[in-house]
Amino acid sequence: MTTQHPDTPETGITPGGTSGAFRDVLSKDHARRGKPPLHFVDMTPEQRVEKAAELGLPKFRVKQLANHYFGHFDVNAAEFTDFPAAKRSEAAAAFFPQLITEVTRQVADEGTTIKTLWKLFDGSLIESVLMRYPTRTTLCISSQVGCGMDCPFCATGKLGLTRNMSTGEIIEQVRVAAKMMRDGEVAGGEGRLSNIVFMGMGEPMGNYNSVLSAVRQISAMPPEGFGISARNITVSTVGVVPGIKKLTAEGIPVRLAVSLHAPSDELRDELVPMNKRFNTKQVLDAAHDYWLASKRRVSIEYALMRGINDQAEHAQLLAKRLNHYGDNWAHVNPIPLNPIEGSKWTASKPEDEQRFLEILHRAGITATLRDTRGQDIDGACGQLAAKER
C-alpha cells in the first residue's frame with residue numbers, strides 16, 4: 001500500500017483519460033483529427049477474431065498473424081507463407097495498415113546512433129532514436145505528436161501538442177527498430193533490441209492508455225508481444241502526479257523516470273511549467289511511493305544549465321530533498337544540456353558538472369552523468385523537433 005501525502009491531489013487521470021482542468025494542460029493546442037487506422041495491436045483479442053471472421057479466416061490464423069508481427073517483425077504479405085495465397089494481401093491490409101512512413105534517417109556515433117523521422121497517416125511528424133551500446137541497444141520512442149508541457153529548454157516543448165499517438169503508432173517504432181537490429185542494419189552487426197525508453201516526443205502520462213497498452217505488448221512474450229522485459233522499459237514524466245499514481249497501481253515493474261531539472265519550486269516553476277500544477281513535493285512524494293510499491297529505483301533526470309540550476313547550492317538542496325525519503329530509492333542522471341536553435345539556455349561548464357556530481361556522491365546519492373548520444377544530428381535529449389531536412 002502506498003503512503004498517502006496530504007498535499008497530493010487525488011483527482012486527475014481516469015480510466016478514460018484525463019478529467020477536469022487537468023485535461024487542458026495535457027491537451028494544450030490539441031486539434032481534433034481523424035483517428036489512425038485500426039492496427040492489430042490496437043485491437044482486443046476478440047476484435048482480432050471478429051476481423052479474421054470477416055475475412056473468412058478461422059481463429060487460429062490470428063495467432064499466426066501475431067507470431068509474424070511480434071516474433072518475426074513481419075507485416076509484408078509476401079512473408080505470410082503459412083497463409084492461403086489468396087488471403088495474404090487482404091489479411092496484411094486489414095491487420096497491418098501502414099501507420100508510420102520513414103522520411104529521413106540520420107546516423108551518428110560511427111553508425112551506432114540512428115535518428116528516424118516518421119510521417120504518420122495524417123502528415124504529422126515524429127522521431128525515434130536508436131542507440132547501440134556495447135552491452136545493450138536502446139530505442140527512445142515518441143508517444144505524442146509534439147508536447148504540451150512547454151519546457152523552455154526543450155525543442156519538442158516549443159512545438160506544442162498536436163495529438164496523442166495510437167498504440168499502433170507507438171509500437172510500430174519498436175517493431176521497425178527490432179527488425180533493423182535483427183537484420184544487421186545498425187553498426188556492429190546483427191543484434192537484439194533490449195531496452196525501450198519513453199523519452200522521445202511527448203509526455204507519456206498525457207497519453208496514458210495508449211502508452212500502457214504499448215508497454216504491455218512490448219513486454220509480453222511472443223506471440224503476444226516482443227518479449228522485452230518490463231524491467232528494461234522506462235516511462236518518463238515531467239511530474240504528472242495522477243499518472244505516476246496510476247502507474248504505481250498497475251504493478252508493472254517498469255522504471256519510472258522523473259524530469260525534475262530543479263530542486264526548488266521557484267526555479268522549477270520557470271523550467272517545468274507543470275510544476276505550477278504539481279509541485280516538487282507532490283512529484284517526489286508520488287515518485288517515492290512508486291519505489292515503495294515496485295522496489296524499482298526511480299531515475300531523476302536533471303538537465304544541467306549554466307548558471308541556472310548547476311551550482312553547489314542546487315546540488316545540495318537536491319540531495320537534501322532526495323535523502324528526506326531515505327537511502328537508495330532514486331538515481332540522479334545529470335544531463336549536459338543539449339543545444340537547441342534559438343535557446344538562451346546553455347550547457348554547464350565541465351567543472352560545474354563534475355562539482356554537481358561530487359556533491360551528490362558525498363551526500364550518498366547515486367548519480368551518473370548522462371551520455372549525450374546523437375547531439376550532432378539533433379537526436380539527443382531535448383532536441384527532437386521532427387523537422388524535415
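Every residue, even glycine, has its Cβ placed from backbone N, Cα and C.
What Swiss-Prot annotates here:
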- Glu127: active site, proton acceptor (ACT_SITE)
- Cys381: active site, S-methylcysteine intermediate (ACT_SITE)
- Cys147, Cys151, Cys154: [4Fe-4S] cluster binding site (BINDING)
- Gly202, Glu203, Ser236, Ser259, Leu260, His261, Asn338: S-adenosyl-L-methionine binding site (BINDING)
- Cys140-Cys381: disulfide bond (DISULFID)
- 133-376: domain 'Radical SAM core' (DOMAIN)
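Considering only the recorded positions Cys140, Glu203, Ser236, Ser259, Leu260, Asn338, the residues lying within 10 A of Cys147 ([4Fe-4S] cluster binding site) on a C-alpha to C-alpha basis are Glu203.
Listed binding-site residues: Ser236, Ser259, Asn338; maximum Cβ neighbour count within 10 Å falls on Ser259. In this structure, the C-alpha atom of Leu260 (S-adenosyl-L-methionine binding site) lies 13 angstrom from that of Cys154 ([4Fe-4S] cluster binding site). Only Asn338, from the binding-site residues Ser236, His261, Asn338, place their Cα within 10 Å of the Cα belonging to Cys154 ([4Fe-4S] cluster binding site).
Neighbour counts of Cβ atoms within 10 Å were compared for the recorded positions Glu127, Glu203, and the top value is held by Glu203.
Non-local contacts of His261 (S-adenosyl-L-methionine binding site) by the CB criterion (under 8 A, 6+ apart in sequence, same chain) comprise Cys151, Arg268, Leu271, Val272, Glu301, Tyr302, Ala303, Asn309. Mapped onto three states, the DSSP output places Cys154 ([4Fe-4S] cluster binding site) in coil.
Annotation note: Cys140 (disulfide bond) sits in a strand segment as assigned by DSSP.
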